[in-house]
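Down below is the structure, laid out as structure tokens.
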Amino acid sequence: MLKEKLKKYKIILASGSPRRQQFFKDLDLDFEIRLKDVEEIYPPELKAVEITNFLAELKANAFEGELKENEILVTSDTIVWHQNKALGKPKNAEDAFQMIKSMSNTTHEVITSVCFKTNTAFTLLHDVTKVTFKDLSDESILYYIENYKPYDKAGAYGIQEWFGFMAVTKVEGSYTNVMGLPTAKVYEYLTTLV
């Protein structure tokens, strides 16, 4: 449906995330993947959605001057926001353990910003999902880290994996946002372009 309406456009997904790529396939959208190395550093005074907005826009700006007239670039960034602090991807097993342990028996926010950029304009949107974990044993956290190696995931966990099935007691908002892309919002925005 939307795929037909977007025929005159070429969607460029600037993400190496297998989950985001799968979401675009599952949304039945034709797209091309283009990647750039971008150092994901943000000013320390930024908080919550300011961080993800900044990083999604930073990633899009790496393509400045390279987009053709019919191309729509899509970049995004996801963080876990917990105890007034951003939890990105863990550096190692100890970092992953500390992140997950800090979220045990509490609620945190998963924030994703998505930037849509053409050669003449850009639009930023974001989504926030609240996720609650049960009280987690050290043993279950260590098992997850050892067996699933969540080093490519913000907050050191994947809700779609064993850990999510075992640990998550409540989700308020978009489930796909927790996996890295608020698909309903992305789809809705793309429908406004045609």
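Cβ coordinates come from backbone N, Cα and C, glycine included.
Here is what Swiss-Prot records for this protein:
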SITE      Arg19  site 'Important for substrate specificity'
ACT_SITE  Asp77  active site, proton acceptor
SITE      Thr78  site 'Important for substrate specificity'
SITE      Gln160  site 'Important for substrate specificity'
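Asp77 (active site, proton acceptor) sits 13 Å from Arg19 (site 'Important for substrate specificity'), counting Cα to Cα. A strand conformation is recorded for Thr78 (site 'Important for substrate specificity') in the three-state DSSP classification. Comparing the recorded sites Thr78, Gln160 by how many other C-beta atoms lie within 10 angstroms of each C-beta, the top residue is Thr78.
Around Arg19 (site 'Important for substrate specificity'), the same-chain residues six or more apart in sequence whose CB sits under 8 Å from its CB are Gln160, Met179, Gly180, Leu181, listed in sequence order.
According to DSSP, Gln160 (site 'Important for substrate specificity') sits in a coil region rather than a helix or strand.
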